[in-house]
Amino acid sequence: MAVTKLVLVRHGESQWNNENRFTGWYDVDLSEKGRTEAKAAGKLLKDEGFTFDFAYTSVLKRAIHTLWSILDELDQAWLPTEKTWKLNERHYGALQGLDKSETAAKYGDEQVKLWRRGFAITPPALDKSDERFPGHDPRYAKLTDAELPTTESLALTIDRVIPYWEEVIKPRIASGERVIIAAHGNSLRALVKYLDNLNEEEILELNIPTGVPLVYEFDENFKPIKHYYLGNADEIAAKAAAVANQGKAK
């Protein structure tokens, strides 16, 4: 039986992950720790013998720079890459830039958990006059008004990620190419929910750690056989738990 593999990587820790802020579409870079995580992800993939034919990432530098570090470790800096806003992090609306713990202290841990992890719940929306609205950013100049978010739930994130997966990424993998996707916590949660057919309660508890390669294996019918993280299991579990705890009051 032929096994097809796909590698997903959430970007390394960003400056705002480090500061415990809601980031969304705000274009912050990797922290020093994040750069180290990205290089380590590349080394893990190299040690396991992975090479790739094509890469996908978002239009946000924390994901792009993570991919660059990984490909540099693999000596594949030349790899053809497609950048798309459809793999961006979920847009956190008016929460973008706010401290997660302070927001939890104000609104309660449960409300912030729902904003962060609820399936169809959107954070408070931005006004289109707000400088954080993506309509003011030239990288989104070709998007329609309907495509420009003022806030997003995970359900809305799925609405842009999954068609891109089905129409663009999946056919490339099905043709035999080896693909890596470097993206974000929620765009990857959207894809994992779809691939693993998770329900709304299951996805609420799913946390993807930064900078750890997640490998999916598919059968000839493109059904997931299994998935697994590369690296030390205890360290990965601790990183996932840290992600879960970000939205709690101190």
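Including glycine, each Cβ sits where the backbone N, Cα and C put it.
According to Swiss-Prot, the features are:
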- HIS11: active site, tele-phosphohistidine intermediate (ACT_SITE)
- GLU89: active site, proton donor/acceptor (ACT_SITE)
- 10-17, 23-24, ARG62, 89-92, LYS100, 116-117, 185-186: substrate binding site (BINDING)
- HIS184: site 'Transition state stabilizer' (SITE)
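Locations of recorded Swiss-Prot features on the structure.
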residue : record                                          : CB count, 10 Å
ARG10   : substrate binding site                          : 30
HIS11   : active site, tele-phosphohistidine intermediate : 31
GLU13   : substrate binding site                          : 24
TRP16   : substrate binding site                          : 20
GLY24   : substrate binding site                          : 26
GLU89   : active site, proton donor/acceptor              : 26
ARG90   : substrate binding site                          : 29
LYS100  : substrate binding site                          : 24
HIS184  : site 'Transition state stabilizer'              : 27
GLY185  : substrate binding site                          : 21
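For GLY24 (substrate binding site), the nearest neighbour among the listed recorded positions (HIS11, GLU89, HIS184), judged by C-alpha distance, is GLU89.
In this structure the alpha carbons, written CA, of ARG90 (substrate binding site) and HIS184 (site 'Transition state stabilizer') are 8 Å apart.
Closest to the residue listed as 'active site, tele-phosphohistidine intermediate' in space, going by CA atoms and restricting to the recorded positions GLU89, LYS100, HIS184, is HIS184. Distance noted between the C-alpha atoms of HIS184 (site 'Transition state stabilizer') and TRP16 (substrate binding site) is 13 Å. Across the structure, GLY185 (substrate binding site) and the residue listed as 'active site, proton donor/acceptor' are spaced 7 Å apart at their Cα atoms. Classification of GLY24 (substrate binding site) by DSSP places it in coil, neither helical nor stranded. With respect to their backbone Cα atoms, LYS100 (substrate binding site) and the residue listed as 'active site, proton donor/acceptor' stand 16 Å from each other. In this structure the C-alpha atoms belonging to GLU13 (substrate binding site) and GLU89 (active site, proton donor/acceptor) are separated by 14 Å.
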